[in-house]
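Here is what TrEMBL records for this protein:
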- 1-51: region 'Disordered' (REGION)
- 24-42: compositional bias 'Basic and acidic residues' (COMPBIAS)
- 82-154: domain 'NTP pyrophosphohydrolase MazG-like' (DOMAIN)
- 157-217: region 'Disordered' (REGION)
- 193-202: compositional bias 'Basic and acidic residues' (COMPBIAS)
- 204-217: compositional bias 'Low complexity' (COMPBIAS)
- 253-312: domain 'NTP pyrophosphohydrolase MazG-like' (DOMAIN)
Amino acid sequence: MTVSSAPSGAPHTGSGTGGPVSKAGHEVATEPGHEPDHKGGSEPHNISAAGPHEAARQLERLLALMARLRDPAGGCPWDREQTFETIAPYAIEEAYEVLDTIQRQDWRAFPDELGDLLLQVVYQARMAQERGLFDFATVARMVTEKMIRRHPHVTFGPDVLQGARPADAANPTAQTGPDAPTAPAQAMPGQWEKIKERERQKSAALGPDGTAAAPPGALAGVPPSLPALLRASKLASRAARVGFDWPDVAGVMEKVREEIDEFAVEMQSGDHPRMRDEMGDILFSVASLARRLNLDPEACLRQACDKFTRRFEGVEGHLAAQGLSMSEQSVETLDALWRKVKKAEAAAGK
C-alpha cells in the first residue's frame, strides 16, 4: 500500500510518507545458478552489492526520516498527531498486504510492501522513544537476543553476539545445552514452543509494580486483538497442551454437529443475541477441528474466499460476454452458470 504525495491530514502509509524511502537500485552480479525468480511475470528489484553496511545506511535514513516527520518544528502535521492507537491498524493492514503479495508471487511489489510493514515498526518505535519508553535499537536488540535464546542448537559468531547482554552472549549455542535438539528439523517446533513457554513464565513472574505475580494461565499471551479465527485456533491449541481436548477427531466433529443443531434451535426462535452466541460456538468448534487436523483455519477460509471470488467472476464473465447483467438474472440461471464454472474448473484441475 503506497500513498504518493499525501496531503496534510491524509494517512501516510507506505513509501509516500514524507517522500520516497530508499528503493533498491544498485547493480548486482548474479552468480550462476542464482538467477532472479521472475515467476508470475514480476521482476524483482536489484539487490545491493554493498551488503550489511548499505542496509544499515538505508535504515539510518528511514529512522532519520521518521524523526523529521514527527519533529514539532517543521514535521508533518498528520504524522505529529498520531499515537500508538491510531497507527496500530495500519500494521495489521500492511501485514496482510505482505501476505497477499507473497500469495500472488509479485516479487517486484514485495520489497515495497515489506518496506511499508517496516515503516510501521519504525513509526511505533519513534513514538516510544519520544515518550522515553524505548527506541528502535532496543527493538532490534530484543528480537535478536530472543532468537539467540530460541536457537540453542546454532553456534553464532561475533557478528551476532557482539553487543549482546551477558546472559544472551553466554547462551549455549553448542550442541550441549538443555534444549539442544535430539532430532532433525521436525523436532524444532517442539523445542521452540518449550523455550517460548519458559520465556512466558519468566516474563509473567513479576507484575507491573515489580512484585511477584500469580503464575500465568495456559491461555496467557494469546492477544485478544488477533483475527478471531486465528485467536480461536491458538486458544484451542493452548488448552490442548494441558489436556483440555477431545480424545480424537470424531469428538470434535460431533461437537461441530452439536453446535449446528443448537444454532438451528435458536434460529427458529429468531433470538438474534442467542443466534450470534451459537454462531460463535460453531466457528470456534470448526477452528478447533482445523487445529486438530493440522490445518490453518485462516488459510482455509482465505482459500475458500479466493475460490468464491474466482467462480463469481467466472459467472460475471459469462454474462458479460452475452451483454447481460447479473442483477437481472434468475436464481436458477445464476446457479446453472455457477455449476458450469465449477465444472470447468474441475476439468482444468483447479
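Each Cβ is built from the backbone N, Cα and C atoms, and glycine gets one as well.
Predicted-model confidence for the domain 'NTP pyrophosphohydrolase MazG-like' (82-154) is 94, expressed as mean pLDDT.
Across the domain 'NTP pyrophosphohydrolase MazG-like' (82-154), DSSP helix (H, G, I), strand (E, B) and coil residues number 56 helix, 0 strand, 17 coil. Note: the domain 'NTP pyrophosphohydrolase MazG-like' (253-312) comprises 54 helix, 0 strand, 6 coil (DSSP; helix = H, G, I, strand = E, B).
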